[in-house]
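Heads up: the structure comes next, in structure tokens.
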Amino acid sequence: MTSNAEIVLRLDAITKRFGKLVANDAISLSLHRGEVVALLGENGAGKTTLMNILFGGYTADSGSVQVFGQTLPPGNSRAALDAGVGMVHQHFTLADNLTVLENIALGAQPMTDVRLSKKEIYNKIKILSDEFNLKVDPSARVGSLAVGERQRVEILKALYRDVKILILDEPTAVLTPQEADDLFGTLSLGIKNGLSIIFISHKLHEVMAISNRVAVLRHGKLVAETLTADTDKNALSALMMGTAAKSPDITLANPGKTLLSLQDVTTPDIGNSPGLKSVSLELKAGQIVGLAGVSGNGQAALADVVGGMRMPSQGALVLNGKTLTQWSPRAAVQNGIARIPEDRHKTGTIADFDLTENAILEGYSTAPFSKGGWISWKNAKQFVTDIIEKYDVRCPGPDTRIRLLSGGNMQKLILGRVLEADPQIVLANQPVRGLDIGAVNYVHSQLLAARDRGAAVLLISEDLDEVMDLSDVIHVIAGGRLSPGFARGTMTPAELGIWMAGQGFDAQVAHAS
Amino acid sequence: MRLEPIADPSLARSIAPPAIAIIATVVIASLLAMLAGANPFSVLGLILKGAFGSQFALLETLNRATPLIFTGLAIAVAFKAKFWNIGAEAQLYAGALITVVLGTGALPWPSFALIPALAIGAVLAGAVVLLVPAILKTRFGVDEVVTTLLFNFIFLLFISMLLEGPLKDPMGMGWPKSARLISEARLPRIFDGLRLHWGFALALLCACAVWVIQTRSTLGYEMRAVGLNRDAAAFAGIPVNAVLVKTALLSGGLAALAGFSEVAGLKGSLTLDLSPGFGYTGIIVAMLALLNPLGVIVSALFVAGIFVGADSMSRAAGVPTYLADMMLATALLLMVLAIMLTRFRVVRD
């Protein structure tokens, strides 16, 4: 449809190698005016590298980047910005202690230019936010905003600089379904106003919904480029993975005895994030309990309690029939709790440790990895080699620093680390956030396998589809309060949405009184 | 111009910048020598000759390197866990203090018992001195850079007070100086007739021990994990605060051995000029060694060589000894730059 329109961005035979790995192999791609091109690929396929080259973060080994016909000097991070290309990163680049207005003006406005008043910046932001339907208060402090709002600020930041080309890296990974719909609305408005968009994703239904054209990357190669209208989800999935993706079959649970229960547990609030408010929860053997809820409603507090990071300030934590008086991360590990942390980069792994050192992060102080205060690197190496093989961790070897692995492979190592101990309870906090379909299915099948082995699984996720697909029992958390448990298939997304908005609780209280 | 991170630096990338930094240091030192009015080649030759050119010079360099190995190890151990111990100077004096308190006749033991007792006493004293900032940090979040740095001055004044009072040598003709160690407390020489004491051997032994601890023990693993990512370490169940305290004990103990070795091996008594800043120079030694305990031996020899060589050079060439300080400062700055260049490459816009 847009093939006649002017080409605004052309990537010409971009090649980038990291040691032996070819991250981008002669990739050519062009973007026309008013077009949405979806860049689709698994983690590690080379999407991020390609965008880093466009923005001068990396220098390509060969090939060139042209914006509006002008070749960008390689390795210059300002060149792309100055040429009118803006990017909204998956991990936001905002200063929490500044206001929305200050964040937007920062860098876009010459520091020395005193003529432009705050009022004018404010007005320009207001006009942009009306024009693109990006509702946000310019005087609000960014630290107080929800994730969806922060993303709007990021988009406004790009629009404020009059970008003509907008690149969005996994923009919906942090959004609720409603927020994602709003975002798509904004993008449509952008197209009408002459923007051209590159949309990086691995969520197929979004790619189908928003893009005009799809480019699929696999192992650093551009394996397909097609009009969205000429393809479908299955074909794209097959292109992306190399084989057709298969989500795990869900079988019915066969719940056993209660392994861990929280009884009227209360924890203090942490900053803006609410603590638990008299929460009672039972985790039973052979059952997946899903925790649905909007981000920042007490999920972190619950994960902290189950994972040993925090002791309830009120209420009891009962493990295998015994009320716990001492509770720590190490006690949790020793009591057979497998913890998959929310942030695998910051808390799950140590970036500059190699795979071996990361694999024994929880077990280093006990046999077989520790012998009288000395680490048995031989046993550690054996352990990590087994994990690499069994969990299909793609890496150059056990001596590789884990920072060099893709998110999916990092998560596989964490899965191996915690699941090889044959845990009785699995705490999976956002286990597939930011992962590609292949890795998502893999993680889900491992959680199901753990359940079928008789483990109790607590799945915390902001992705309602994920919770509804996997969980045998669903609880909703809102404002630190926990809803009753709903059995699989008894609730619709809309009904759960009411609880997620914090409304069901009041009815429950009214009903009880 | 700007910096681009290198995801996985090659071996050459890790070695070349530090090597170039050393060469650049020599070149800049030559220029400084020219500014001071001397022939740069003869100055460098004189430094080398003064540091390593004769048996006497070499032994002098080894003796000077000994306390630097101890303080360098103390800093390397602490910095590896991101515990910023700037107080090696105070810990050194704590070790020296215990050595003179117990070694001037209080313990009338034979050498084989007295010397180990003094060394252990020194280690404990240094550990206790650093324990206070460590507890302040882990309990109350007090910044250890401030506490350890300021404690240096407090402790030096405390030593000064003792040397003017209870520890003052009655035979010292009024100088602020402690009594001399009894002969059983003196570290013997390694080789008869050569002025090199067993403190040097102990320093080498400590460097090897620290290396083994860091790479092989669970404590070393914990210290490295805490240094690289405190959040992940805490999540995995590593007792972060306990590890920091243990690190502080080890670091303080190592720094105190410098004081023990200087008093028992070289000086024989405690004076206020026992350390010409070994505690601070230890930071340079540790940084030059990239915090590697075995590298500390090499960098301590390098730094000691410059000091000893510059002393002798300044006498021969009539150039101020401050040239040595400037060379060290240059070496440190260039090495910090080199460390950065092992992880980033400079890209021209």
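Placed from the backbone N, Cα and C atoms, the Cβ positions cover glycine too.
TrEMBL lists transmembrane segment at one of the ranges B:42-60, B:61-79, namely B:61-79.
Spatially, the transmembrane segment (B:145-163) is adjacent to the transmembrane segment (B:91-109); three or more Cβ-Cβ distances between them are under 8 Å for residues at least 6 apart in sequence.
Within its own chain, the transmembrane segment (B:115-136) has Cβ neighbours under 8 Å at 83, 85, 87, 90-92, 94-99, 102-103, 107, 109, 142, 144, 147-148, 151, 155, 184-185, 187, 202, 244-245, 247-257, 259-260, 264, counting only residues six or more beyond its boundaries. Within the chain carrying the transmembrane segment (B:280-310), a Cβ under 8 angstroms from the stretch's Cβ atoms is held by residues 18, 46-52, 57, 60-62, 64-65, 68-77, 79-80, 86, 88-89, 203-204, 207-208, 210-211, 214, 255, 258, 321, 323-324, 327-328, 331-332, 335-336, 339, all 6 or more beyond its ends.
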